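Novice: The structure's right below; bear with me while I get my questions together.
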């Protein structure tokens, strides 16, 4: 079956829903697709709740994690939307998900107000550099008291300001996803209002299309008769069908291959651009030669490293971080782009220990090489829990 070509006429923006479990992230995601389908039927399919809810699953450490990808269009933009899972104790995919966002819709139930995961997700959005948030104050059909809604809105704004988002300026839109999903006209209108706020407030990202091509590997699979497909979000540059690429990181040797196909949302493209989630079909590459944590890049433009210096922030106990200090030779995991790599920390001379809540410089030696440049962000994690965030300031080896 011939695949439809993807029309690249509108600006493309990656967004997602974040927030506390059961505050209505998935219901809102479904409601957005329904309301936009009703308003612009030619542009939008409706994606039902069940389809988003039973997102493709990955099992890790006995917990099932899923991320659903849906696409929709407003009059001015094309959106790719990820619905993030809501486990407070398990943010691995939230990190890969949040790292893929040009902006996010923070869903807060008016019936509950901000909860622990609300705070955690806002913190995480700041760490992984989500540039802008819009708030959907959900379940407003269930709160009769106007003052109560105003109080919750105030709490949310204070929380955003605390994590260095412009809490006073961020749009807070009152919605009710469930009635909107069931065709209620008034609440359907509220979802359109939300999407107007997203259109206006979340900036069209400056894509890094001018830079040399690089894409972190998220997943690898084999398509019978066609070869190996590598999926991920293109971090920078453009990749065209027929170009040579290099696959590097994690292992000692790098390998070269040729891109024989690029696809996005099951549609074939001539090229993939920075910011897009694509699958690359690679000639002659075996599935076992590629793993999550590697990158696919323009040959000769990036190199894997194990040793670097970094500036980091260590989460306080209240933010869900460590309860105790750490010392020289601390060995956590360093989460770069899509994967964790263990590393050994050397503290600066004169620093005996680092307390939760501190900022510090540190030198790190990783046990596996990661493709990196100065400025690359990472999370510091222990057993799947984020305990710090940092940026590479200098590559030493």
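Glycine is treated like the rest: Cβ placed from N, Cα and C.
Got these off Swiss-Prot a minute ago, pasting:
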- 19-26, 83-87, 138-141: GTP binding site (BINDING)
- 26: Mg(2+) binding site (BINDING)
- 10-206: domain 'tr-type G' (DOMAIN)
- 19-26: region 'G1' (REGION)
- 62-66: region 'G2' (REGION)
- 83-86: region 'G3' (REGION)
- 138-141: region 'G4' (REGION)
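What's the neighbourhood like for each of these?
Specialist: Annotation note: residue 25 (GTP binding site) sits in a helical segment as assigned by DSSP. Cβ neighbour count for residue 25 (GTP binding site) (all protein chains, 10 Å cutoff from its Cβ): 27.
With a 10 A radius on its CB, residue 26 (Mg(2+) binding site) counts 22 other CB atoms from all the protein chains.
On the 0 to 100 pLDDT scale, the model's mean across the region 'G1' (19-26) is 88.
Counting residues 6+ beyond its ends, the region 'G4' (138-141) has Cβ neighbours under 8 Å at 23-24, 27-28, 107-111, 149, 174-179, 187, 190 in the same chain.
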Novice: In terms of Cβ proximity under 8 Å, which residues at least six beyond the ends of the region 'G1' (19-26) contact it?
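Specialist: For the region 'G1' (19-26), the sequence-distant neighbours (Cβ-Cβ under 8 Å, at least 6 residues beyond its ends) are 49, 52-53, 68, 83-84, 86-88, 106-109, 112, 114-118, 121, 138-139, 177-178.
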Novice: Other than its own, how many Cβ atoms are within 10 Å of the Cβ belonging to residue 140 (GTP binding site)?
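Specialist: Result for residue 140 (GTP binding site): 21 other Cβ atoms within 10 Å.
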Novice: Rounded to the nearest angstrom, how far is the Cα of residue 19 (GTP binding site) from the Cα of residue 26 (Mg(2+) binding site)?
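Specialist: One finds 10 Å between the Cα atoms of these residues.
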Novice: In the region 'G4' (138-141), how many residues does DSSP put in helix, strand and coil?
Specialist: 2 helix, 1 strand, 1 coil
